Every structure is written in C-alpha cells, then in structure tokens.
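**Q** Before I ask anything, let me first share the structure, which is written out below as structure tokens.
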Amino acid sequence: MSAQLKILAINGSERDGNTADVLRHAARVAENRGVDFEAVDLRSIRMERCGPCGDCNDRPVACTLADGVPEVVAKMVAADGIIFAAPVHGFGTASLMQTFIERAGVGYLRFDRPLSNKVAGIISVARRYSAGEVWAQLTVNALLNRMILVGSGFPATVHALHRGDALKDEEGLTNVSRLVERMTDMIELLDEHRRLTGRSDVLASNEVNERVGLALNELQAQP
C-alpha cells in the first residue's frame, strides 16, 4: 500500500450535533482500518451564496467569489474518498450543504471533474422524514462528479431527534460502519491497482467538461 489513504467527510450541519456524532463514529471505523479521516464542518467555513451573475454557465475558469470554498475543494481533490453528510431540514438538505454543493460544483468542480474516480459515501440524518430524499440528492451529486459509489447494503441513514439520539440508532450506525468499510475496501483496491500497473487514471474519464459547447446562458447574449 502507498502513503496513508484518506477519507474526507463534509459535514453540512449548522451545529455540532447528531451529524457530527455520526461522523465521529465513521472516523473510528476508518481509523481502525488504518485510514486517515478528517471531517470538515461547513459551519466553520466562510461561504458566500451564489450570486446573480450567471457566469458559471459560460466561463472556463473558477469562481471569483473570495471565501473558504476553494480550500475545502482542495482537500477533496487530495483525498481518496469523500463522505457527504447532511441532516434533513424542512424536508430537504440542510442549507449549508445545499450551498456548498452549488458553490463547489458550478464554481470549481465542473471544469476538469477532479473528483472523477474518487470513492464517495453518503450519510443523511433525520428525525423521521426525508432521509431518503436527502441521501438520493447527495448520491446524484456524487454521480454528477463521476465519483465511484460502492454498495453497502441499506443506505447510511440515521434517525435522531435530540442531541445524542443518533448514537442510539444501532441499525443506522451499523449501516454507516458498513459504508466506511466498503469505501475503504474500494479505496485500497484502487490504490493497489495504481501501484501494480503504474496507471493513475484507473478508469477513463472521457471528456473533461460535458458542458463545453452548450449554449446555456443565452440571456447574456441579449442586448
């Protein structure tokens, strides 16, 4: 095996609550496998919302908004696996994670698809409803970025109401453990492939940017 492998977790919760507890559980599983695990709390990152410019539909360079998003994106690019974890708020994805996937996606990731072939994991935390919907949205986001999703049985959805309740959801935590184990298996497999073959591409990434040549922002062309 090469240098220590790493999983980066993106925590889309506004507080140090159940989602953070779940990621601490995930960290223990990863570290038991010898994988470095780092959690980035979006609540601690200065993050601007997308503005009205619309330039992201046409420009070939990164977003010009100056905030903490590029630093997080750089950590994602350097990692071997990435977990997107978010609580359910208002029957949907918590606003911090929603803002992040918009800003990171259209501002930085769409041009060269630097997350291609990285291993992805999805965790959603909910009181009762919409855990599956949030899990599905984040899954589609990972697929959009050409990441590799590994099957681990039931989705890693954890149910909790009050602080600390997530740690009482034994089935949910079991699914989180299985997710991290399967991510680690795939990361190690890909690492071994690179080491034995000397290839860094692993899987063909095809065209760099599927949006090139699409006229998506016709309003800017109008006088």
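Backbone N, Cα and C atoms are what each Cβ position is placed from, and that goes for glycine too.
Predicted, not measured: the structure shown is a model, and the values here were computed from it.
Feature list, courtesy of Swiss-Prot:
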| type | residues | note |
| --- | --- | --- |
| BINDING | CYS50, CYS53, CYS56, CYS63 | [4Fe-4S] cluster binding site |
**Q** Residues other than CYS50, CYS53, CYS56, CYS63 within 8 Å, Cβ to Cβ centroid, of the [4Fe-4S] cluster site?
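**A** Checked against the 8 Å cutoff, the neighbours are GLY51, GLY54, ASP55, LEU65, ARG103, VAL106, GLY107.
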**Q** Judged by the number of other CB atoms within 10 angstroms, which among CYS50, CYS56 is the least packed of the binding-site residues?
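**A** Sparsest of the binding-site residues CYS50, CYS56 by Cβ contacts within 10 Å: CYS50.
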**Q** Among the binding-site residues CYS53, CYS63, point out the residue whose Cβ has the most other Cβ atoms within 10 Å, with all shown protein chains included in the count.
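**A** Output for this query is CYS63.
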